[in-house]
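The block underneath contains the structure these notes are about, expressed in structure tokens.
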Amino acid sequence: MGALAIKHSQTNEVLFAIQLTKMIVSLEVKRVFSTVFLGVAQFMTVARIYIRYRNERLWWDDAWAFLAMILTVLLVVGIFLSNDHDADYNRDAAIIQSWLTMIAYTTGSWAARISMMLSTVRLIPTVFTLRRISEWAFISLLLMGISVLAAKLSFCASDLSWYERSNPVCLILAYIVADGMLIAIPLRLLYRISLPRKQRRMLLLMFGANIVTSMMAILYAVLFLSSCLGLLTLVTKIEAGVALIVANLAILTPYVYRLVNSEGDFDSKPNTYYRSFQPDGRVVLRRVSDIAPAPVIRQNDATGQLTTVYPTGATTASGNKGDADSCLHQHSFGPSNSYTTRESD
């Protein structure tokens with residue numbers, strides 16, 4: 001009975017693989033889906049860059065996100081260059097479309113991952129060992145992306161037999177290690193810092209979205225090994241779009257959170273941390289706010305005397321409470337609820 005069950009299971013797997021290879025997605029569906037889905041990712045990227053530019057916080061992660069967005073535009077162009085119905089379709093155009101899709105998909109997916117890694121790097125204070133680890137992880141991602149692209153270019157350029165196929169295509173894969181780093185480093189950062197439960201859940205969800213990118217990479221590998229070219233061309237667009245959307249979530253999620261909960265800013269400029277030595281020997285990392293809040297003028301109803309109220313985040317660099325001329329907070333989620341008053345002249 002056991003052997004019969006195993007044989008039956010293997011038969012079902014073979015039948016499923018055959019069904020995958022025969023599955024065809026119409027060109028119209030590919031074009032509409034790619035345009036809409038990648039359009040959403042591109043819109044999110046534009047919103048991300050606008051928010052960063054308005055707040056004067058553009059950094060290298062935004063540059064990589066912009067590059068990924070441009071490459072997704074090329075993916076959309078590539079899908080409109082293809083033609084499944086015209087028998088006289090120019091083979092040169094088909095080959096150009098294949099090269100364009102391959103390069104844009106590979107480079108775009110890795111650019112989005114690198115953007116996500118740099119977004120993580122900027123959150124980590126330079127005094128943390130994890131900062132150096134994340135910087136090396138960024139270099140590793142960059143080298144892996146270059147290696148994968150070089151392997152594809154070398155393989156496709158050295159063997160031109162695929163030019164003669166009815167559907168020219170040349171693809172190679174491996175992204176799981178990169179996605180693992182993008183999940184592990186933020187989780188390690190969250191383990192080392194103290195945050196309220198609500199904010200911690202939000203960040204876990206934000207960085208955990210990389211699991212979706214890994215799932216798409218696994219699906220891509222399954223379809224590639226099954227020679228299911230009909231779905232494979234669609235999954236390349238989905239993976240590139242998901243990678244870019246996840247990278248943008250690292251910026252847009254905190255922005256939306258600030259709109260709903262006005263509890264301070266945690267999308268800081270890089271390297272705005274300093275060490276505060278405590279009387280008991282502990283070292284507390286504090287972040288210097290980018291813009292000092294404006295003072296509030298209040299009038300005493302009884303005396304009519306004006307009082308200037310200065311919001312302060314927490315402590316000064318020396319560790320003393322209540323310096324009205326500085327705006328410091330211990331962690332980026334911290335609300336500015338303490339006040340120091342001075343009599344106005």
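Using N, Cα and C of the backbone, Cβ positions are placed for all residues, glycine too.
Per TrEMBL, compositional bias 'Polar residues' is recorded for 333-345.
Positions annotated as domain 'Rhodopsin' by TrEMBL: 47-256.
Per TrEMBL, the feature region 'Disordered' maps to 320-345.
Among the features that TrEMBL reports, transmembrane segment is placed at 32-51 (among others).
Under the heading transmembrane segment, TrEMBL lists 63-81 (among others). Outside the transmembrane segment (63-81), and at least 6 residues removed from its termini, the chain residues within Cβ reach (under 8 Å) are 30-31, 34-35, 38-39, 41-42, 45-46, 48-49, 93, 96-97, 100-101, 103-105, 107-109, 111-112, 114-115, 118, 233, 236-237, 240-241, 243-244, 247-248.
According to TrEMBL, the feature transmembrane segment maps to 93-112 (among others).
The transmembrane segment feature in TrEMBL is assigned to 133-151 (among others).
Marked as transmembrane segment by TrEMBL: 171-191 (among others).
If you look up TrEMBL, you'll see 203-234 (among others) marked as transmembrane segment.
Residues or ranges marked as transmembrane segment by TrEMBL: 240-260 (among others). Proximity of distant same-chain residues to the transmembrane segment (240-260), defined by a Cβ-Cβ separation under 8 Å and at least 6 residues beyond the stretch ends, is recorded for 37-38, 40-42, 44-45, 47-48, 51-52, 61-62, 64-65, 68-69, 71-72, 75, 104-105, 108-109, 112-113, 115-116, 119-120, 199, 202, 205-207, 209-210, 212-213, 216, 266-267.
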